[in-house]
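Taken verbatim from Swiss-Prot:
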| type | residues | note |
| --- | --- | --- |
| ACT_SITE | CYS92 | active site, nucleophile |
| ACT_SITE | CYS191 | active site, cysteine persulfide intermediate |
| BINDING | LEU6, LEU7, SER8, GLY9, GLY10, VAL11, ASP12, SER13, LEU32, GLY116 | ATP binding site |
| DISULFID | CYS92-CYS191 | disulfide bond |
| SITE | HIS117 | site 'Interaction with tRNA' |
| SITE | GLN325 | site 'Interaction with tRNA' |
Amino acid sequence: MKIAVLLSGGVDSSYSAYSLKEQGHELVGIYLKLHASEKKHDLYIKNAQKACEFLGIPLEVLDFQKDFKSAVYDEFISAYEEGQTPNPCALCNPLMKFGLALDHALKLGCEKIATGHYARVKEIDKVSYIQEALDKTKDQSYFLYALEHEVIAKLVFPLGDLLKKDIKPLALNAMPFLGTLETYKESQEICFVEKSYIDTLKKHVEVEKEGVVKNLQGEIIGTHKGYMQYTIGKRKGFSVKGALEPHFVVGIDAKKNELIVGKKEDLATHSLKAKNKSLTKDFKNGEYSIKARYRSVPTKAFVSLRDEAIEVEFEEPFYGVAKGQALVVYKDDILLGGGVIV
């Protein structure tokens, strides 16, 4: 089978390509230029070229920087301006990697596209679903909630049945040169963030703009450094007069540049809504497991569709829901879709 492999210049994607080559597949390597850091691209393209030369496969470099900027990067900035906590990876995957890159791979005559994601594909009644990775500590299915069944059917995740701790030894044994590759340390798993998301925002908007902190009764009780520097649940970086116990951000008013803070129990919610839904065609209202942020523990909840929105009711109090994050719905370890929390 002819398969396109997205190569990032790192160990995981390189070993994914090696695994598929060992299985006898015909491969085409693809490197995506998404963010605007040419210094990073130069290094990672060089790394990807080394992997392709070792495997004896061609490498194509696709420049999607303009598309990425308008569809992902600019949306990231806008979301923070609106007081939300965006999830750019969940937006990038369906539009870039499994959108534009997949389309290109199909034009090359490839039947499928592979990546180093920690996830799996499972066919149920001739329909393809995303399944959680074997390694639950590294599972990335959360970021794949917006993919259509027809797209999922064209995906391959060679690392999905492996444990992260085993991959580097396997990769170095198979491809010794991987141990000599230079890389940049990524922050928060967001490819275009150098040190922190705040540094990225500072390039485009006024981040350090002092404002007031209010309690749930609307009383001014302190100050903060600028609302974009905070997310729901944060407990540091702002002042609260006479506070004897920790206070947490429970709300953000972007228009007024105000934070609303409260105690930990004030972070609790029993329901939430999500828009821009992407759910399986056969989805039925009922009890499922949900995640409202990456790396959170799956939580039981009743999920229903109403007026094109996803509505969730929790059995137990759920803490720290942030607008802009992905709400993802699972049945056991099978991904059924999700939406953006509002």
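From the backbone N, Cα and C atoms, a Cβ is placed for every residue, glycine too.
Features per Swiss-Prot, on structure.
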residue : record                                        : CB count, 10 Å
LEU6    : ATP binding site                              : 24
SER8    : ATP binding site                              : 19
GLY10   : ATP binding site                              : 19
ASP12   : ATP binding site                              : 20
LEU32   : ATP binding site                              : 24
CYS92   : active site, nucleophile                      : 26
HIS117  : site 'Interaction with tRNA'                  : 27
CYS191  : active site, cysteine persulfide intermediate : 20
GLN325  : site 'Interaction with tRNA'                  : 26
Euclidean distance between Cα atoms of LEU6 (ATP binding site) and HIS117 (site 'Interaction with tRNA'), Å: 10
Among CYS92, CYS191, GLN325, which are recorded as recorded positions, the nearest neighbour of GLY10 (ATP binding site) by Cα: CYS191
Secondary-structure category, per DSSP, in which ASP12 (ATP binding site) falls: helix
Alpha-carbon spacing, LEU32 (ATP binding site) to CYS191 (active site, cysteine persulfide intermediate), which is rounded to whole Å: 12
Diameter of the ATP binding set by C-alpha atoms, the set being LEU6, LEU7, SER8, GLY9, GLY10, VAL11, ASP12, SER13, LEU32, GLY116, in angstrom: 16
Euclidean distance between Cα atoms of CYS191 (active site, cysteine persulfide intermediate) and ASP12 (ATP binding site), Å: 15
Distance [Cα-Cα, Å, rounded] between LEU6 (ATP binding site) and CYS92 (active site, nucleophile): 14
Rounded Cα separation (Å) that holds between CYS92 (active site, nucleophile) and CYS191 (active site, cysteine persulfide intermediate): 11
C-alpha spacing of the residue listed as 'active site, cysteine persulfide intermediate' relative to GLN325 (site 'Interaction with tRNA'), in angstrom: 17
CYS191 (active site, cysteine persulfide intermediate) to SER8 (ATP binding site) - Cα separation in whole Å: 10
